[in-house]
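What follows is a single structure, written as structure tokens, with notes after it.
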Amino acid sequence: MHEMSFAEAIIRNVLRFAEEKQAKTVTSVRVRVGELLLINPEQLQFCFSVASKGTIAEGAKLEISVERADIRCLLCGRELSKDEMLCECGGFAQVKGGKDFILESVVVEV
């Protein structure tokens, strides 16, 4: 379950930010996850709650938005699905989006 390593990374960064702001509590965290990372949002929610236990982020709301993959044929420009790496025209796919994992915002109480 690679969701736990992502949850731990979120918590590390959130706690670093909260410490810089001298926060007492973290109330919410928002992340954007690329669909090509194959992260299950429900599992990430669970792992976040486990990883945040005993920290000032315990009980914080985790908002997850999934970024759709942007995959296009290099020859004809047709949009392809994440399961297509070769277009009907014979062109190969170029992946431009859906691979990122971004911590978008952290809300804290000082």
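Glycine too: its Cβ is placed from the backbone N, Cα and C atoms.
Here's what Swiss-Prot has on this protein:
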BINDING   His2  Ni(2+) binding site
BINDING   Cys73, Cys76, Cys87, Cys89  Zn(2+) binding site
DSSP three-state assignment (helix, strand or coil) for Cys87 (Zn(2+) binding site):
coil
I want the residues beyond Cys73, Cys76, Cys87, Cys89 whose C-beta is within 8 angstroms of the mean position of the Zn(2+) site's C-beta atoms, in chain order.
Leu74, Leu75, Gly77, Arg78, Leu80, Glu88, Gly90, Gly91
Got a sec? Which of these binding-site residues, His2, Cys73, Cys76, has the most Cβ atoms within 10 Å?
Cys73
Cα of Cys76 (Zn(2+) binding site) to Cα of His2 (Ni(2+) binding site), in Å and rounded, measures 35
Give me the count of other Cβ atoms within 10 A of the Cβ belonging to Cys87 (Zn(2+) binding site).
19
Cys89 (Zn(2+) binding site) and His2 (Ni(2+) binding site), distance between Cα atoms, whole Å:
36
